[in-house]
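Right, one structure below, let's go through it.
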Amino acid sequence: MRSVKLFGLAALGSLGAAAPAPSRVSDLTKRSSTCTFTAASQATESASGCSEIVLDNIEVPAGETLDLSDVDDGTTIVFEGTTTFGYKEWSGPLIRFGGKDITIKQNSGAVIDGEGSRWWDGEGTNGGKTKPKFMYAHSLEDSTITGLSIKNTPVQAISVQATNLYLIDITIDNSDGDDNGGHNTDGFDISESTGVYIRGATVKNQDDCIAINSGENIEFSGGTCSGGHGLSIGSVGGRDDNTVKNVTITDSTVTDSANGVRIKTVYDATGSVSQVTYSNIKLSGITDYGIVIEQDYENGSPTGTPTTGVPITDLTIDGVTGTVESDAVEVYILCGDGSCSDWTWEGVDITGGEKSSKCENVPSGASC
């Protein structure tokens, strides 16, 4: 609850007896800047005027969003204890952030628990139960999300549409979904963003660790990804914004996942992928592809027929090393005629699997 509000009423009640001393007014102003809420409705409706918001063991009612997208500029949001959500089949999101110069963090031991097993049915967003998206970091500018511990999201975890946003030391643990029907549990989905910097993330899931669908000036570094579909660009094409530019994915590990490094563009769509660098990526236990780059996606699946409308240019693959399973493909490149160019391919050493016989239009310098 917002205890500072009670203090304010008490102070007003004392006005009839005597005017408060200046120090008391200063005290009141200071106290009223920090607000502690124990209910989602309190936080959503009463956040204005709070320079710091503490979310104390919030239980968000079924079918509602913990909406903190309209807080004052410069607000700090702190998660305390365990944040949970009531069950309902709906599209979500369960949490929404927005604003300028916002800091989002948690106190020691806090966890945001989606209890995703209530929705998991092996189908993700492809059918079955309607599952809520977890967190929208949309319309954030010059902001930081740091140290959050997120567990068992129903489907995709963090959707990013932001400008100059730092996400530091985020843990997303959906490993319970490995044997319980978790699907489409992407870690970070980025679109329509400029300046997104994800550092020190740990993601255990059943889909992309990171998926960049559009945006520029994006960095993912020091990440640890396991159980999912790897470090992905795309699929690019078929959206309102279909440009990916100036992306660096570096100093990260991918283990026990379907893919290591993946770039996919949409069949017969338009757009562009340029100035992308993957460097110092360590792979192990990869089951499908160590590196996969293909221009043939349609309705979420590869067609085997590449098109040229989303060229992949100025790509650097540098120091991608490690092992794949014996029946996995080490490197697969499927490009349209002339639509992959100006690639730099250095220090790639992936072993343990098969060589592909189906690569097409591999650009000069790359190997398949």
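Glycine is treated like the rest: Cβ placed from N, Cα and C.
Pulled from Swiss-Prot:
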ACT_SITE  His229  active site
CARBOHYD  Asn246  N-linked glycosylation site
REPEAT    140-162  repeat 'PbH1 1'
REPEAT    167-192  repeat 'PbH1 2'
REPEAT    193-214  repeat 'PbH1 3'
REPEAT    215-235  repeat 'PbH1 4'
REPEAT    244-265  repeat 'PbH1 5'
REPEAT    273-295  repeat 'PbH1 6'
REPEAT    307-352  repeat 'PbH1 7'
SIGNAL    1-18  signal peptide
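Of the candidate ranges 140-162, 244-265, 273-295, 273-295 has the most C-beta pairs within less than 8 angstroms of the repeat 'PbH1 7' (307-352). Using a cut-off of 8 Å between Cβ atoms, the repeat 'PbH1 6' (273-295) and the repeat 'PbH1 4' (215-235) share at least three residue pairs, counting only pairs 6 or more apart in sequence. Distance between Cα atoms for His229 (active site) and Asn246 (N-linked glycosylation site): 22 Å, as a whole number. When Cβ-Cβ distances below 8 Å are used as the criterion, the repeat 'PbH1 4' (215-235) is approached by residues 174-175, 178, 185-188, 190-209, 241, 243-266, 273, 276, 278, 281, 286, 297, 300 of the same chain, each at least six residues removed from its ends.
When averaged over the repeat 'PbH1 6' (273-295), pLDDT in the model lands at 99.
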